[in-house]
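Chemist: First, the structure itself, so that you have it in front of you.
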Amino acid sequence: MTQDAAIGIHDLSFATTEFVLTHKALAAHDGTDIGKYHVGIGQQSMSVPAADEDIVTMGAAAAAPITARHGTDQIRTVVFATETSIDQSKAAGVYVHSLLGLPSSARVVEIKQACYAGTAALQFALGLVRRDPSQRVLVIASDVSKYDLGSPGEPTQGAAAVAMLIAADPALVRIEDPSGLYTADVMDFWRPNYRDTALVDGHESINAYLQALEGSWKDYIEQGGRALGEFSAFCYHQPFTKMAYKAHRHLLHVCGHDTDAAEITRAIGHTTAYNTVVGNSYTASMYLALASLLDHGEDLTDKAIGFVSYGSGSVAEFFAGTVVPGYREHLRTAGHQEAVARRKPVDYARYGELHERSFPADGGDHPVPRETSGPYRLGARARPWGTARAVLPGRRRRPSRAAGDQRTLPAGSAVPPQADLRGALSAEGLPGPGIHIHSEERTVA
């Protein structure tokens, strides 16, 4: 293991949604024994986005405390990981770049490979900082997990964003070499362009996860990684929290260790506190587990943590990190707990309305009601085609502006060159870019 350069996670912050649906409410609606949710999959509730929330508003809300604490001058790159992308071309991180007032002398990219993309973003960031230790990289993993109403995947839904500042001499976790890697072409999960909800083969996905875990662990050992007994805790990708228990039991079995329930709980119990009430946040899930471990675990100073990142389709990576002395001075535990506690409960009927809300297939203007009390909101949808009136995307608003006000181009003004391609597209079209606005002045320390 090469540890000549200390690079890793310097700061970490997460945000979630305005609303929450408890699994008690879900069970009451569908007539399911609550034990199936609380015990069977280990979930208590799931975050539900308001009509004016999406991956950009959550991503900006997660990152704002980081830029408030550390400034923006050293941030040369923003890497946005998601599988809930809002545009086939433009990176969602460009909107976050604007909302946070980051310098123009920066690159912004979006990375996709199912839930693994957050780790791909982290590794990309580590390489950039290793090349130039004076720069810092802002990594944002933000997703909305959404399945059809009444489907087996519905109880595992959720939404959250995790932002991390990657830097030399990190204050939280030093990321180590090597990594163990695994890729296999598996059709366990997919989100086609023509659907708002994901499709998943649950049984196949669990098997693919365990196979990828085993493959990435074996590669990690072959690359010279730590022995299993050297780790004090493990952060797993958690599509539902009981999957972390199942995965760790499988890893212990593969390594010939006792699969004692108490040992499994000791290794991963503190990593599930946020995921069990937020639900599946896809790319953010494993890093939400890290936030939970750091916020709720015992003193982890100089302790090794194992990270298991899995993305359906499938790609997996096993890597290690060491917790930095003094890390507790830099945690955002109170803010994280407030983000979870402040959510407003909704009943199943209201949740269903939000779930079924969709944007016009022809790209028409789409007013969005003001619902979130967070610092950022989605203001409207713009008409991406033709020369009709179009809303300027990405403009920051003054807090005094009326919530329903919209900046518009003069009548007859041309919108982007894509307008010429309208005839070549299917009749369904594509939703336009959102207006992501700063909704109020707020101190984010």
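Keep in mind that glycine also has a Cβ here, set from the backbone N, Cα and C atoms.
Because TrEMBL annotations are produced automatically, they should be read as predictions rather than curated entries.
Here's the feature list from TrEMBL:
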DOMAIN    7-169  domain 'Hydroxymethylglutaryl-coenzyme A synthase N-terminal'
BINDING   D33, Y147, K246, N280  (3S)-3-hydroxy-3-methylglutaryl-CoA binding site
ACT_SITE  E83  active site, proton donor/acceptor
ACT_SITE  C115  active site, acyl-thioester intermediate
DOMAIN    179-253  domain 'Hydroxymethylglutaryl-coenzyme A synthase C-terminal'
ACT_SITE  H237  active site, proton donor/acceptor
DOMAIN    270-324  domain 'Hydroxymethylglutaryl-coenzyme A synthase C-terminal'
COMPBIAS  357-369  compositional bias 'Basic and acidic residues'
REGION    357-445  region 'Disordered'
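Locate each feature and note its surroundings.
Modeler: In three-state terms derived from DSSP, N280 ((3S)-3-hydroxy-3-methylglutaryl-CoA binding site) belongs to neither a helical nor a strand segment and is classed as coil.
Classification of E83 (active site, proton donor/acceptor) by DSSP places it in coil, neither helical nor stranded. In sequence order, K112, Q113, A114, C115, A117, D143, R191, Y282, T283 constitute the residues six or more apart from E83 (active site, proton donor/acceptor) in its chain with CB-CB distances below 8 Å.
The number of other Cβ atoms within 10 Å of the Cβ belonging to C115 (active site, acyl-thioester intermediate), over all protein chains shown, comes to 31.
Per DSSP, the secondary structure of the domain 'Hydroxymethylglutaryl-coenzyme A synthase C-terminal' (179-253) breaks down as 37 helix, 14 strand, 24 coil.
In this view, H237 (active site, proton donor/acceptor) is surrounded by 33 other Cβ atoms within 10 Å of its Cβ, with every protein chain counted.
In terms of DSSP helix, strand and coil, the domain 'Hydroxymethylglutaryl-coenzyme A synthase C-terminal' (270-324) has 21 helix, 17 strand, 17 coil.
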Chemist: Round to the nearest Å and give the CA-to-CA distance linking N280 ((3S)-3-hydroxy-3-methylglutaryl-CoA binding site) with H237 (active site, proton donor/acceptor).
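Modeler: About 9 Å separate the Cα atoms of these two residues.
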Chemist: Return the residues near D33 ((3S)-3-hydroxy-3-methylglutaryl-CoA binding site) by Cβ distance under 8 Å, restricted to its own chain and a separation of at least 6 in sequence.
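Modeler: The answer is A27.
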Chemist: What is the interatomic distance between the Cα atoms of H237 (active site, proton donor/acceptor) and K246 ((3S)-3-hydroxy-3-methylglutaryl-CoA binding site), given in whole Å?
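Modeler: Given the Cα positions, H237 (active site, proton donor/acceptor) is 11 Å from K246 ((3S)-3-hydroxy-3-methylglutaryl-CoA binding site).
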Chemist: Far apart in sequence but close in space: which same-chain residues, 6 or more away, have a Cβ under 8 Å from Y147 ((3S)-3-hydroxy-3-methylglutaryl-CoA binding site)?
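Modeler: In sequence order, G153, E154, T156, Q157, T197, A198, V200 meet the Cβ cut-off.
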